[in-house]
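Report on the structure given below.
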Amino acid sequence: MKYDLIIIGSGSVGAAAGYYATRAGLNVLMTDAHMPPHQHGSHHGDTRLIRHAYGEGEKYVPLVLRAQMLWDELSRHNEDDPIFVRSGVINLGPADSAFLANVAHSAEQWQLNVEKLDAQGIMARWPEIRVPDNYIGLFETDSGFLRSELAIKTWIQLAKEAGCAQLFNCPVTAIRHDDDGVTIETADGEYQAKKAIVCAGTWVKDLLPELPVQPVRKVFAWYQADGRYSVKNKFPAFTGELPNGDQYYGFPAENDALKIGKHNGGQVIHSADERVPFAEVVSDGSEAFPFLRNVLPGIGCCLYGAACTYDNSPDEDFIIDTLPGHDNTLLITGLSGHGFKFASVLGEIAADFAQDKKSDFDLTPFRLSRFQ
């Protein structure tokens, strides 16, 4: 059997692509080395932020606004346990922060609902937060967080119900191209399709070693908290920049545990074996202490944590492009630790590619040619 589309990697983007392409009427095969959702990539840990006024650059705003529409649509499939929680996101940092300047610029350009607060205003609204006098906060009322594993599970189930073929716990070991399409090699045999999407995450270089993607081991952890830090108490999700430039992110507490991680830093790795579990690197348990001690002093001890991986591009912007020399294969990689919020729209972009539809978005900034 020859498929219209084979998806290599069915985590964040791949699960979305499988659903949207199958819903469009294509004959699709989703593949993954494990059984998604799983603990081997970048999507586990239950929650991910979604921010609209984007500090990483204005080029992302049209994408994230479409992503939000798709997240709202997906959430309607799980109304008892919503995939998107509109908690709001407070972005904290020094008044001269370049990241916050980008957030403010994005908000102005796209007329987004963002409120600027000075240090006293931040601490008056959320007494649990402490910041220096030179800090500001940019509060995104309409943003919040996503339940990442639930989203992937939902997409995979919806795709299956729509007739999508799924080959999980079966790594793809090679990709071949010919005039007739794409062939993948797996332990279960060979499969053919007219087109392929490669969204294999951290270990995409096992298949395509020439790609400029660097795996980095990262950790996040849950710390003892109480009801003051919960969504019910209107405590928001957050990003925070310390005076030394270190960047953190976190979520409202659930079940008396507040999740936080450090965005920058981490350990460069070259194999899955090097992504050791949480606490096997000495700094894991204390990585968030500088932020917690200064900004959230009421948070208690570390309860537990987890390790994940970022697939970093050289400039930490996404790679969305066809494989050089093979216009029938789309790469979506290098998401660099800020990609999950875009998974829905990237999956839709992948489905459009499979249907020979022109994308509604300017993807020029994400081309591989920028590294030449």
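Cβ coordinates come from backbone N, Cα and C, glycine included.
For 4-34, the entry in Swiss-Prot reads FAD binding site. Per Swiss-Prot, the feature S-8alpha-FAD cysteine maps to Cys308; the stated evidence is sequence analysis.
This view paints the features noted in Swiss-Prot onto the structure.
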| residue | record | Cβ within 10 Å |
| --- | --- | --- |
| Asp4 | FAD binding site | 18 |
| Ile8 | FAD binding site | 26 |
| Ser12 | FAD binding site | 30 |
| Ala16 | FAD binding site | 31 |
| Tyr20 | FAD binding site | 27 |
| Ala24 | FAD binding site | 17 |
| Val28 | FAD binding site | 28 |
| Asp32 | FAD binding site | 28 |
| Cys308 | S-8alpha-FAD cysteine | 22 |
Subject >> C-alpha spacing of the residue listed as 'S-8alpha-FAD cysteine' relative to Val28 (FAD binding site), in angstrom >> reply: 28
**OP:** Can you grab the distance from Ala16 (FAD binding site) over to Cys308 (S-8alpha-FAD cysteine)? Cα atoms, rounded to a whole Å.
**Re:** 20
Original post:
In Å, rounded, how far does the Cα of Asp4 (FAD binding site) sit from the Cα of the residue listed as 'S-8alpha-FAD cysteine'?
Top reply: 32
